[in-house]
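Encoded as structure tokens, the structure appears first; notes follow it.
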Amino acid sequence: MKLGSILGLALILGLFGLVILVVLWPGRKHGVRLLRRWGVPDPSEVDVETAVRYLKRRRFWYPWLFFVLPLLSEAVGASGDDDSWTVAWTVLLGGMLGELLAWRRPGRGRREAMLAYRGVTDLVPVWALVLLALAIAGGVVRAILTHVWPQLGVTLGCAAVAAVVVALALRRPVAGDAAVDLVLRARSARVATGLAIILPAALPQPVLSFGAVLVFVLSVAAGIAVVTPDPHLAATLT
């Protein structure tokens, strides 16, 4: 792709991320809605503030990531001739990296002990982990068979980012209400997992075949299923 073309696309995507940041800048109602969808029916003001801060830290990164990633993909040879593929995987990878960059150690506010040991499957269901393994394996095999090595790196990289986000979600010290803390951990882990399932199928294809489109559609459906809020999650603490 020509430099002018990729720079223009990067600017458009950066502006798109800025629009998301402005239009969807989280407020109190967004925090309440997030917590209620994940099984916290009557969140306190402190809980809502925690959820709003959680959302702000993630959306802050979207304009920067959406601008930088297309340029980076062109530099390493991972972009294709079709802009639609670049747009798709930029948004997906940007969402994953936003989750990673948003993680911070909690402050010195009120903390509560974790009521029970939590493993990976307490945050991400087993079936979602199986789908993730299949998606990554499929992306790796395709990259090897087609000798598109930059895509192999992107696929393995997105798997690594998802693994780091899940690990951070598990190991981060508990802060605030235990139910809210668990909900936000699980949401981050599942968002990273869901995006990592979709991303390998969203990478540029040499030939746009029916099979490639079908795999992409199935991957999107699987990713949506993974990130869909679980209204019963908070109840697992009781």
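Glycine is no exception: its Cβ is also placed from the backbone N, Cα and C atoms.
These features come from TrEMBL:
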TRANSMEM  6-27  transmembrane segment
TRANSMEM  60-79  transmembrane segment
TRANSMEM  85-103  transmembrane segment
TRANSMEM  124-145  transmembrane segment
TRANSMEM  151-170  transmembrane segment
TRANSMEM  208-227  transmembrane segment
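For the transmembrane segment (124-145), the partner stretch with the most Cβ pairs below 8 Å, chosen from 85-103, 151-170, 208-227, is 151-170.
Long-range contacts of the transmembrane segment (60-79) within the same chain: residues 1, 3, 6-7, 9-11, 13-18, 20-21, 85-86, 89-91, 93-95, 97-98, 101-102, 150-151, 153-154, 203-204, each at least 6 residues beyond the stretch ends and with a Cβ under 8 Å from a Cβ of the stretch.
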